[in-house]
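Colleague: To start, I am sharing the structure in question, which I have written as structure tokens.
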């Protein structure tokens, strides 16, 4: 399988194409949570304008041009803004002002392709600085970003997904982004023709799924079936597995995954023995570990999928952390209780009502809803 694209650091970003878009070079795989730069992080996509320097009036000059009635002046200002904020951290901080964000907000909704693309791309650059992230969300710019992700120009959608990913890195933004309606278009974007849009949307969902309210929304939107389908097709496994890990660690996510066939899916995946990376396999084991707190329901599904044999093989390989999780899952599967002898596993797997009745007869044991 191709080498993973999960890890991208500033040193791996290079300028490519006549449009000066910044694209990543594939490097060695590192843990996904370290990724903090959107795939679309880029400079100008149109004119090649040299920026000789900045001064105290740079924001004023940009705002005046951005508010111009002349399209070419607006585009020139946006291209300049993209160039100025592409690499200079202090410039990104200095130019992230309420006035400039207000103008960008209107241009993000422009019907002109060049204006919309450059406006959203400039916002991506501004969002890279940690101290800008909350300020940007509070400026009211997320709703137009969502609109672009839903139906903007193709390149604009790339940048919109990248911006939402970048903004979702700040814990203070996670709930707000979910409340503002970003989850449905982000889930839809997982099927985009654009690799950049797919990858950055998955990264955004990964970070947003850290918040319980977002997990509940995602489950109601059918995220489990979408992500399990991607696992079966071996599509973006690293990102998808990490989102599933978050879901499996919560009571509501665990229940949805058990009902959605996640145990069988994960065991089948582990049996294939071909992994995008060792981290992907460990994420799959971690997701199973989360599901193992699902009580009798998990045990029945795992037995049906032949999980014990698969996990015994994994117990001899992998990292120490993964081995510990495998041993914990095996302990759950091998636990012997009096009620196990009386459980009708077929009925248990087919009926939630039967599950409740069986548990009552067996002495009231219920599945744990916490890790």
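Note: Cβ is positioned from N, Cα and C throughout, glycine not excepted.
TrEMBL: automatically predicted annotations, no manual curation.
Okay, so TrEMBL annotates it like this:
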REGION    1-37  region 'Disordered'
COMPBIAS  11-37  compositional bias 'Low complexity'
DOMAIN    63-341  domain 'U-box'
REPEAT    140-177  repeat 'ARM'
REGION    337-371  region 'Disordered'
COMPBIAS  338-353  compositional bias 'Acidic residues'
COMPBIAS  357-371  compositional bias 'Polar residues'
Colleague: Do any residues, 6 or more residues outside the repeat 'ARM' (140-177), come within under 8 Å Cβ-to-Cβ of it, and if so which ones?
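Modeller: Those are 36-42, 45, 101, 104-105, 108-109, 113, 116-117, 120-121, 123-124, 127-128, 130, 133-134, 185-186, 188-189, 192, 194, 196-197, 200-201, 203-204, 207-208, 210-211, 213-214, in sequence order.
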Colleague: Of the residues in the repeat 'ARM' (140-177), how many are helix, strand and coil by DSSP?
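Modeller: So the repeat 'ARM' (140-177) is made up of 32 helix, 0 strand, 6 coil.
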